[in-house]
Amino acid sequence: MKLVSFSSLLVFSTLWSTVSSLPLEFSQGLRTDQTVIKRPKGGGGGGVKYWPGNKVPYTISSLLSQPAKKAIHQALKVYKKKTCVSFVPRIEQENYVAFVPGQGCYSAVGLQGGRQEITISSRCETKGTILHETMHALGFHHEQSRYDRDEYVKVLWWNIEPGAEKNFELNSLKVQNTFNLPYDYDSLLHYNKKAYSKNNEDTIQAINNPDRKLGSFDKFSKTDLEKLNLVYPCKKAPFPKECKDSAGRCAEYAKFPNYCYHEFMRIRCKKSCDVC
């Protein structure tokens, strides 16, 4: 068992010292992350600082492609629907996240102070990747980095790319808060089975079922949402009420320009017009 006892951690595609030449956050065509240790600025569970008031100001670089911008907006809509975290366009707030282009995909873990970049490369312009990296920015580590990881999954060290072993190290409880929740094989922040594979063989498997799928590419698990709502609690119920249309042909009419601005559509076609 390898423990990292430092009290903060950044999630990057490569080491901070080589951030200008970050490789893509992919291995065998599957999204992964690498990790870099950094001393904390204090606060929050596990030494992580969380965003106060559930509000995260953000900016989107004009240099990002249209697919990247679309993916960002899609991801932020998911956070709005599923959590009580509020992403608001930055006006003059000192602390904020900046979605920017880069050669890799990475994010710091938790509030860092000042301008905080979430970097998006051309190969990870997807809603799932934005959800993943933004969840890091909100203060959450990879699930397979938990101190008790080895009770649930087995790392196949012999299949890992040389030099990538550090990405499978464990965090101590001082670094990573488990929130007393069960190990989450389905987390958006869990490595996939072939992460950093040198031979297209599995690098990590569930102990009780080696064939079990690990991680998620495009959606939160139930436990992901529990964590988000523990750290950023809702005044309302943690899981939004059912969102549905109450009239026929809503999906069809919602495709027409400006139709969703009509009162009837906003009342009877809430799901299709994305107002719930």
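A Cβ is built for glycine as well, from the same backbone N, Cα and C atoms used for every other residue.
Quick caveat, the model's predicted, so the values are computed rather than measured.
Feature list (source: TrEMBL):
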SIGNAL    1-21  signal peptide
DOMAIN    46-235  domain 'Peptidase M12A'
BINDING   His132, His136, His142  Zn(2+) binding site
ACT_SITE  Glu133  active site
DOMAIN    243-276  domain 'ShKT'
DISULFID  Cys260-Cys273  disulfide bond
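When the Cα atoms are compared, Cys273 (disulfide bond) and His132 (Zn(2+) binding site) turn out to be 25 Å apart.
The two recorded residues His136 (Zn(2+) binding site) and Cys260 (disulfide bond) have their Cα atoms spaced 33 Å from each other. Ranking the binding-site residues His132, His136, His142 by how many Cβ atoms sit within 10 Å of each one's Cβ puts His132 at the top. When pLDDT is averaged over the domain 'Peptidase M12A' (46-235), the result is 95. Counting every protein chain shown, the Cβ of Cys273 (disulfide bond) has 20 other Cβ atoms within 10 Å.
Of the recorded residues, the residue listed as 'active site' and His142 (Zn(2+) binding site) place their C-alpha atoms 10 Å from one another. Counting in whole angstrom, His132 (Zn(2+) binding site) lies 30 from Cys260 (disulfide bond) by their C-alpha atoms.
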